[in-house]
Structures are given as C-alpha cells and as structure tokens.
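Copied over from TrEMBL, here are the features:
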- A:11, A:12, A:13, A:14, A:15, A:16, A:17, A:18: ATP binding site (BINDING)
- A:4-182: domain 'Guanylate kinase-like' (DOMAIN)
C-alpha cells in the first residue's frame with residue numbers, strides 16, 4: 001500500500017471550496033479531512049478528536065515549540081493548527097489527507113512536506129466570483145469590500161499553487177479534484193518502493 | 001482554450017501499452033496520436049499523413065539537420081521520427097498528443113519540450129510480466145531471452161518517468177491514463193494565461 005497524498009485546497013472565498021470538500025469526503029472514502037488542534041472551547045455537539053483536537057493554550061504553545069504543527073494561525077485569541085503526527089499517521093495508513101487553508105499556511109506545509117499538492121479553486125471568471133461575493137445580498141458594504149480586497153490578495157498567490165481547479169459545476173469539480181489526487185499518487189516519485197521492487201525482481205529474473 | 005498536453009508512454013514490452021493506447025484513442029476524442037515521419041515504403045492501405053508521413057531519406061535527413069524532429073531512430077535502414085511541427089500544431093489546437101516510444105526517445109522529447117509528461121506502463125508484478133513475455137508460446141527461446149534482457153534494461157530507466165501506471169485491468173488503465181492527462185492540464189504552470197487574466201481582472205475589479 002503506497003502512502004496517501006497530502007492535498008491543500010485554497011482559493012477565493014466565494015469559490016465554493018467548502019461545498020467541494022464536503023462532497024469529496026462524502027463521495028470518496030479514500031480521502032479524509034485533517035483534524036485541526038484548537039484552543040477554542042468545544043461548541044455543543046463537537047467531539048474531541050473528531051471535529052477538533054481541543055487543547056489548552058499551554059499545550060498548543062508546547063506543540064508549536066516542539067515543531068509538532070505543520071502550520072498554525074491565531075484568530076480572535078485562539079490558536080488553530082495542523083498536527084503533523086495526525087496527518088502523517090493518516091498518510092501512512094494510505095488515506096489521502098486533505099485540508100483547506102489560506103496561502104500562508106499552504107506555503108508552510110509545502111515547506112515541511114515538499115510533496116504536498118497545492119490546489120487553488122477559482123470560479124470560471126472574476127465576474128462570477130464578484131457576483132458570488134456580492135450577491136448573497138445579506139452582507140454590509142463593509143463586509144463585501146473586505147472580501148473583495150482579500151480576493152484580490154489571494155489572486156496574487158495563484159502561481160505558487162500546483163494546480164488550478166475551476167469550480168463551475170460542483171460535482172465535476174469534486175471529481176476533478178479526486179482525479180488530481182489519484183494521479184498524483186501515481187507519480188514515480190511517490191512509488192519508489194514499488195519501483196525498487198520491480199527493478200530488483202527484474203534483475204533476479206532476467207539476468 | 002488551453003494548450004494540449006504532450007504525453008509519452010513507454011514501458012515493458014508485454015505490458016500491454018499498444019492495447020491501452022488504442023482504447024484511449026477510441027474512448028477519448030480529446031486525445032490524438034502523434035504521426036511519425038518514416039523513410040520506409042507505405043504498405044498496402046497505409047495513407048500518407050494518416051498512418052505516417054512518408055518521406056525520402058534526403059528529406060528526413062534535412063529535417064534532422066534543421067532540428068525539425070523531436071526524436072528519431074533508425075531500424076532496418078529506415079528512419080522513424082516525430083515531427084515537431086505536427087505535434088505543436090495539434091497541441092496548440094488543444095489536442096492532447098500521445099506517443100509511444102522507448103526511453104531514449106522519451107528523454108530527447110522531454111529535453112526539447114520540458115513539460116512533456118512521461119508515463120511508464122508496467123504489469124502489476126514482474127512475475128506477471130515474465131508470464132506475458134514467455135507465455136505467448138509462439139516464440140523461440142532466443143526471442144524470449146532477448147525480450148527479457150530488454151525488459152531488464154527498461155526497468156532501470158523507470159525513475160526518469162513522471163508517472164507509473166500499473167496495467168492490471170485494461171479499461172481501468174485507460175481511464176487512469178486519461179485522468180493523468182486531464183490532471184496535468186490543470187497544472188498552474190500550464191494555465192499561465194488564465195491566471196494572468198484572473199489577476200488582471202481582480203486588480204481592476206477589486207481595487
């Protein structure tokens with residue numbers, strides 16, 4: 001059994017990443033979501049080790065110190081991070097681990113695990129993105145403008161990604177995401193053990 | 001319309017490459033075979049520009065001189081080569097161009113067109129390869145041994161390929177090959193124009 005592929009999905013807010021991820025996990029059981037560690041308190045119904053790993057501030061800071069997080073960030077005084085041990089355990093079991101984070105986190109993970117696959121999700125056109133961002137109709141002008149500004153910053157980072165995934169029809173996008181993950185798994189560089197076995201056997205058999 | 005992907009398929013003789021290529025072309029019309037130039041005489045039913053580009057020795061040598069072939073080889077006094085102009089024309093029309101050649105030719109093409117995708121096709125195990133090579137039952141011992149020797153040499157080159165494709169069930173292998181081609185087409189590096197458009201539009205819209 002070859003190791004799973006670690007995939008990071010980023011992209012414009014409003015590109016429908018959340019829906020795509022949810023459908024991917026429902027549809028393909030070779031894929032699993034990474035579970036984040038957080039210092040925020042569990043909400044009703046949230047289970048430790050399923051929704052998050054709930055830890056104290058001291059515990060998370062100790063993990064940061066010991067380089068046990070692939071990336072982390074702070075929002076509203078709480079830490080959120082990706083535990084390296086959990087990700088690596090899932091990968092070694094052959095699961096394709098997937099996580100959704102922003103570009104800064106994506107770059108940090110790629111630095112620590114260089115064969116991470118970075119995928120940027122975009123709507124077919126910027127006009128469509130703008131319609132999606134503005135068109136929910138429920139947000140204040142201020143919220144919309146902050147979203148648009150963020151989208152503009154996000155656009156500048158696209159070149160750092162490995163793949164560009166256009167989310168036009170959700171189900172197609174989900175299947176395409178899955179195809180990329182499966183194709184990456186067939187990379188020669190991810191199958192060195194199989195290649196060495198083939199080479200060793202072929203030397204023994206044929207010479 | 002983005003450019004097509006150039007894919008080179010190599011692999012053990014006896015791995016079933018021929019069948020996989022034939023089915024790929026029947027099944028997926030976004031893929032087209034590269035057409036080789038050759039100095040050998042047309043056989044009955046063969047059409048110039050469909051089966052081969054039939055050219056004189058002088059013409060092919062002039063093409064070699066002018067660097068108009070992505071790779072070429074000589075068998076039994078005849079030249080066989082891959083015309084760069086035909087391949088590039090098909091790619092720019094958006095076709096995914098595929099060709100089946102040996103490792104030396106594959107490496108030459110990758111050198112001239114660095115984003116060529118190299119795929120190595122192998123049976124699930126070397127034992128199975130041996131069974132396939134030997135088991136046709138119609139060959140002399142000498143032919144079999146020469147095949148086995150060649151397979152052993154081919155095995156040493158696998159690491160130079162981008163992807164490893166295991167041909168267990170032909171139809172699955174065909175679909176997987178097609179998935180790799182489509183996924184490669186979604187690489188950020190192959191969609192620079194789309195990315196630049198997105199970035200330009202997002203600057204105009206959002207700032």
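Placement of Cβ uses the backbone N, Cα and C atoms for every residue, glycine included.
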Lowest local Cβ density (other Cβ within 10 Å) among binding-site residues: A:14, A:18: A:18
CB-centroid shell, 8 A cutoff, ATP site A:11, A:12, A:13, A:14, A:15, A:16, A:17, A:18, site residues removed: A:121, A:123, A:167
Candidates A:11, A:16: member of the binding-site residues with the richest Cβ shell (10 Å): A:11
Which same-chain residues, if any, lie at least 6 apart from residue A:15 (ATP binding site) yet have Cβ under 8 Å of it: A:121, A:122, A:123, A:129, A:132, A:167
Count of other CB atoms lying within 10 Å of the CB belonging to residue A:12 (ATP binding site): 26
Cβ neighbour count within 10 Å of residue A:13 (ATP binding site): 16
